[in-house]
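A.B. asks: One structure coming up, written as structure tokens, with questions to follow.
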Amino acid sequence: MENLHNRILEEGQALSSDVLKVDSFLNHQVDADLMYEMGTYFKNYFKDHNITKIFTIESSGIAPTVMTAMQMNLPMVILKKQGSKILKGDVYQTTVHSFTKGTDYELTLQKKYINEDDNILIIDDFLANGEAALGAARLVEGAGAKVAGIGIVIEKSFQPGPKLLEEKGYDVYSLARIEKLEKGIIKIKK
């Protein structure tokens with residue numbers, strides 16, 4: 001996705017060999033036109049996967065997921081990371097380790113938003129170690145539903161997540177694949 005690649009190279013900041021800051025268009029300030037284009041790419045790739053719902057993890061995956069759900073005319077479900085008095089009782093939960101924050105959290109899904117007939121597309125902003133995507137997949141599969149695919153905005157190809165998801169047999173489609181990060185240097189796989 002050329003527009004995304006350009007934005008990463010022009011506005012992204014490699015803060016270290018494993019941290020890429022893209023808050024000017026993805027996860028603090030959001031470029032709605034770019035999100036819409038991402039939705040188009042995800043829709044075109046996953047259109048024949050018989051998707052019934054699209055899941056994302058709060059919060060940075062929400063914008064591209066909304067645009068994808070709108071274009072595919074499908075319901076979207078936000079998996080919760082934060083505890084809530086409202087989310088009690090009939091829920092699926094799994095523990096996930098956050099690469100970015102270096103902490104664990106309980107990923108939560110209300111049971112009423114998934115059934116065994118669902119084919120779920122999971123969309124997330126980054127793929128690094130694969131923990132978030134695997135946590136979402138555990139919730140989906142724990143409910144007896146199927147992970148039909150995983151859409152990633154930015155994949156860090158040099159980290160273990162992409163290989164891990166591939167080894168588990170998931171169909172992963174990444175809009176941008178980062179080959180290498182060094183302080184001040186970003187190299188994108190073409």
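Yeah, the Cβs are placed from backbone N, Cα and C, and that goes for glycine too.
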A.B. asks: Would you identify which residue of Leu20, Leu164 Swiss-Prot lists as part of the xanthine site it also attributes to Asn27, Lys156?
C.D. replies: Leu20
A.B. asks: Translate the DSSP assignment of Ala132 (5-phospho-alpha-D-ribose 1-diphosphate binding site) into the three-state scheme.
C.D. replies: helix
A.B. asks: Which residues does Asn27 (xanthine binding site) neighbour through Cβ under 8 Å, counting only same-chain ones at least six apart?
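C.D. replies: In sequence order, the residues whose Cβ lies under 8 Å from that of Asn27 (xanthine binding site) (at least 6 apart) are Ser59, Ser60, Asp125.
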A.B. asks: Where does Asn27 (xanthine binding site) sit by DSSP, helix, strand or coil?
C.D. replies: coil
